[in-house]
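> Structure provided below as structure tokens; questions to follow.
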């Protein structure tokens with residue numbers, strides 16, 4: 001089957017922002033104006049097309065990334081609407097990994113907010129070109145220029161307006177396109193009709209100056225415009241458009257547009273900007289892949305062998321497991337086999353679906369640039385590479401996900417539900433790489449861990465709604481970590497040689513802090529002192545002990561272990577003996593390597609009237625917090641930002657409401673790990689102390 005759209009006419013984009021900036025409403029308006037839906041839904045009414053989970057409709061927030069496709073002026077736009085709440089940052093992360101461009105939505109009153117900074121940083125990590133859409137221009141306190149300035153100062157982004165608003169707040173009526181130098185107003189029952197008007201006289205000079213500033217901003221990336229400016233020649237809209245596009249795609253420039261999605265103003269022009277300035281799959285650098293540890297690139301072309309990345313797993317009540325994927329090369333027809341090159345497993349593609357939020361359309365094939373879903377893959381999880389059977393094996397660049405920072409115990413109401421609970425939790429863990437579940441060895445309790453209290457609330461809610469499992473939930477607990485601060489060489493022995501076949505494992509390992517994140521295992525055994533077949537077991541013994549912890553039962557992170565000496569016995573040595581010997585070495589190293597406890601430090605932003613600012617800052621300090629910044633917004637609210645240990649933030653919402661007479665709100669997200677102060681660490685370690693292995 002031939003292509004309906006050339007690859008250059010694809011736009012794979014994400015809508016990203018801070019919570020309540022209007023992402024989902026913006027996506028709804030795009031679908032309405034492109035003819036994908038015929039009735040506009042509102043998130044506050046609980047009838048939004050893109051928010052399809054029950055919890056999303058009730059809470060008016062986006063939890064999972066819904067995918068859909070729209071068509072505009074001969075272009076195919078694949079859209080992923082991502083969550084703005086910090087607890088669901090993994091959804092943003094995995095969406096950005098498979099997108100070619102993004103629309104960053106700002107609230108015109110607030111400008112850049114804390115979660116804007118997070119998603120912007122994620123987009124920068126994946127080199128995703130962006131346009132900025134300043135939404136809610138009709139809101140009290142809306143300020144287009146201040147919003148642009150906040151992108152420059154807080155995000156260090158070269159943001160330049162390509163539009164000028166006509167009026168603001170209640171007087172926001174339209175906009176001026178600075179590229180074309182045309183003005184537009186809006187009419188109709190929902191103001192969905194856009195029509196051209198003369199540029200208002202009182203704004204003509206300002207618009208001309210802003211167009212010149214725009215040309216000067218892109219002149220650094222376009223020689224023709226640079227020369228035209230020098231020679232004071234006219235710069236045509238086509239020239240300016242081409243220069244903006246080139247600068248945006250390289251990530252050097254962020255065009256800024258404005259509007260009010262709720263009022264339908266500026267949405268069509270924003271869709272035009274997506275088409276004009278964001279890249280197609282052929283405009284971005286080829287995707288990186290690895291073949292036998294050698295880096296290669298994959299060309300975006302139907303003529304190449306099929307390759308795709310699984311970026312999301314979802315359990316659907318009607319069809320079962322859905323694997324969302326992005327095709328990077330080649331063509332795949334349903335009914336064929338593919339290889340999961342990450343796991344070395346063969347999978348059969350029975351059905352392929354094109355998705356629209358939670359509705360679906362069955363299709364026969366997918367091609368380069370497509371985003372779709374496979375039904376019923378058995379072994380594939382988020383981040384896995386999928387390639388054709390014929391392809392010489394390679395793995396696409398993987399996604400990295402943060403570890404959970406908060407945990408709770410779960411206890412089913414009846415013993416009959418224990419197995420049901422375990423099955424349900426495993427399905428949810430397969431969907432979400434930042435959600436972990438395990439059984440506490442000491443207490444036998446089921447533990448769930450995630451990115452925040454809301455994250456775990458949603459998990460418990462889904463257990464009840466989707467799997468009909470009810471459970472008692474324990475108090476939230478901080479997910480501490482352990483690490484080492486010094487180097488030491490330690491011996492580990494496991495020798496039992498009395499009667500029958502014995503056990504013999506003997507290692508010398510140097511432990512040191514790993515300057516990079518993660519675990520590095522280095523084998524420096526020479527002369528056959530330990531046979532090669534036991535080396536993997538030694539590494540596994542260390543990894544298992546790291547997971548169990550050596551100080552207070554929390555996972556040990558950022559460790560480098562160099563195996564440099566040891567001995568073996570011809571008869572009594574075994575993989576198990578060396579695994580235990582390695583585990584004992586790490587246990588024995590606990591004091592010598594200066595093991596310490598780490599705690600998650602949160603980025604906290606508190607919004608409160610200025611008269612409460614002193615009380616708020618004092619309270620944060622009492623919680624071991626470090627206040628980093630204070631600013632007054634255009635609506636008079638004070639924003640106080642700081643770093644506070646998660647352990648001190650439980651119950652904070654109740655305290656804040658009491659302190660501010662119900663007028664304060666806050667948001668927080670994980671920032672980094674820090675060493676726990678000794679007086680607090682000593683108490684935690686005493687409660688959970690691990691005995692050193694004999």
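Just so it is clear, glycine is given a Cβ too, placed from its N, Cα and C backbone atoms.
Pulled the feature table from Swiss-Prot, pasting it below:
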- 17-24, 81-85, 135-138: GTP binding site (BINDING)
- 8-282: domain 'tr-type G' (DOMAIN)
> Grab the pLDDT values for the domain 'tr-type G' (8-282) and give me their mean, rounded.
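Summing pLDDT over the domain 'tr-type G' (8-282) and dividing by its length gives 85.
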> Is it possible to get the count of other C-beta atoms within 10 angstroms of the C-beta of residue 20 (GTP binding site)?
18
> Tell me which residues of the chain lie with their Cβ under 8 angstroms from that of residue 137 (GTP binding site), as long as they are six or more apart in sequence?
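Within the chain, residue 137 (GTP binding site) has Cβ neighbours under 8 Å at 108, 144, 165, 168, 169, 172, 258, 259, 260, 265, 266.
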